[in-house]
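Undergrad: Right, I'll just put the structure down here and ask away after.
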Amino acid sequence: MGIPSSSVSMHLVLLSILTSLCLTSKAAQYRYHFCSNQITFSPNSTYRSNLSHLLSFLSANSTTETGFYNTTAGQTQTPENTVYGLFLCRGDVTTNECRDCVSTATKEIVQLYCPDKKMGVIWYDECVLRYSNRSFFSVMEDKPRTVLWNLLDITERDRFLQLVEKAFSDLVPAAANALSGAKKFATKETKFTESQTLYSLVECTPDLSSFGCNRCLQGAIAKLCKSYDGKRGGRVLSPSCNIRYEVYAFYHVQAQADAPQPKGKGKISMVIAVVIGVTIAASVVLVILLYCFQRRKARKKSNATNEKNSGKSDGLLSYHDASEITNVESLQFDFETIEAATNKFSDDNIIGEGGFGKVYKGVLLEGKEVAVKRFSMKSLQGLEEFKNEVLLIAKLQHKNLVRLLGCGIEGEEKLLVYEFMPNKSLDFFIFDSKRRSQLDWKTCNNIISGIARGLLYLHEDSRLKIIHRDLKPSNVLLDHDMVAKISDFGMARIFCENQNIASTKRVVGT
């Protein structure tokens, strides 16, 4: 007995709507942050109270039509306790996306990234939020300026760069010359090859003058083009403006407006539109189902191959999936920046060493201390660990996990850049009789609790269920306040949500 076509169509439409909701509902994607390490405030200070009020004001006004809002808190008090802040949502995001991003930013900037700093700025894919103890409204500020790169290369790199430069030069006037108070935002799509389209975006805060916006964007373009190294995607983030290009649609592409319908054709057009809409919805659902089926089939095949071949990485993340790598889009440092930060990888800067390579202490241009893991060119295991960490740790955010700031790839060089831990690792204290005395009961309890919270997050609370597989004192780092942070996810393995048991054919980690 056949199923009525109307019932099938209705189910397809409903399924399409549900699928669309699932695809568009996602958390704000963190990209970078910057804090002033020189100016801090105490937890119970007036400034802290004013900052809380400011962030509440910003969150409460995150549904504005323009996606932009600035405000001040504590202006009736002493100048040193006044806080200035703003947010800017990407010009194409929906009101709900803007609200969710700002809500996330107001929490994470004070809880995770700048907990006691008087100045901070944080960037997500969907928005940027900043605050300071000085007024910056309507002032063009392009420092700090940060470049992020897609990890994949492009063919015909010189022709591609020319196309990128041309696209940006066309977009700058459109954004800079927007009417006062309107969004200073512009996008463009340009054909690169038969199968690839270049998507470009520029944006300034609406409170800038035309001259200020133009100057900020031109500086960002010059910075990006100067450090361009054949990547198929990149962006420049600064407090007052940002630019980005990719070969995939990272913003909501506006459809071309249809020409007016001739009179008398309205009903026919409506019928055609309904038929086309249902057909497209059905096609989309079928494509998604086929894609999911193929991915599941490929994943099973890949897992089976990995289990059979004990000489290959057991349970490590696959690095060949280009879409996964593109979506991670970790901050990519150029090799020269890291080389300068570590004094050309001086032996005096070595703070650790393992089978994968060496770890160096580095200082970036803005004075920020970092730890740089330089993978050995001869170590295949090190290469697999590098791939695993880039794809995995970038998706994890917790105060008891070490934070990956970015990576560097140039030729055979593979580098990972982490937040610097001044107190090194737990084994540094355990196996030294003098330093062991610093581990009083309170400190030990805090370290143990921190490790437990980090593991609980990995096992139960993160979006991915992660088993570390290499937890040992040398992989428990300690920050300035002796807060434990789990590190080194090169051997980590992803489990299914309800999976509790797995078997491997080789000994891994501890």
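Cβ coordinates come from backbone N, Cα and C, glycine included.
Below are the features listed in TrEMBL for this protein:
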BINDING   LYS373  ATP binding site
DOMAIN    29-136  domain 'Gnk2-homologous'
DOMAIN    142-250  domain 'Gnk2-homologous'
DOMAIN    345-510  domain 'Protein kinase'
SIGNAL    1-24  signal peptide
TRANSMEM  270-293  transmembrane segment
Undergrad: Averaged over the domain 'Gnk2-homologous' (29-136), what pLDDT does the prediction give?
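TA: The answer is 93, the mean pLDDT of the model over that range.
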Undergrad: Count the Cβ atoms, other than its own, that fall within 10 Å of the Cβ of LYS373 (ATP binding site), considering every protein chain shown.
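TA: Taking all protein chains shown, LYS373 (ATP binding site) has 25 Cβ neighbours within 10 Å.
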Undergrad: Which residue counts does DSSP give the domain 'Gnk2-homologous' (142-250) for helix, strand and coil?
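TA: Reading the DSSP string over the domain 'Gnk2-homologous' (142-250) gives 37 helix, 32 strand, 40 coil.
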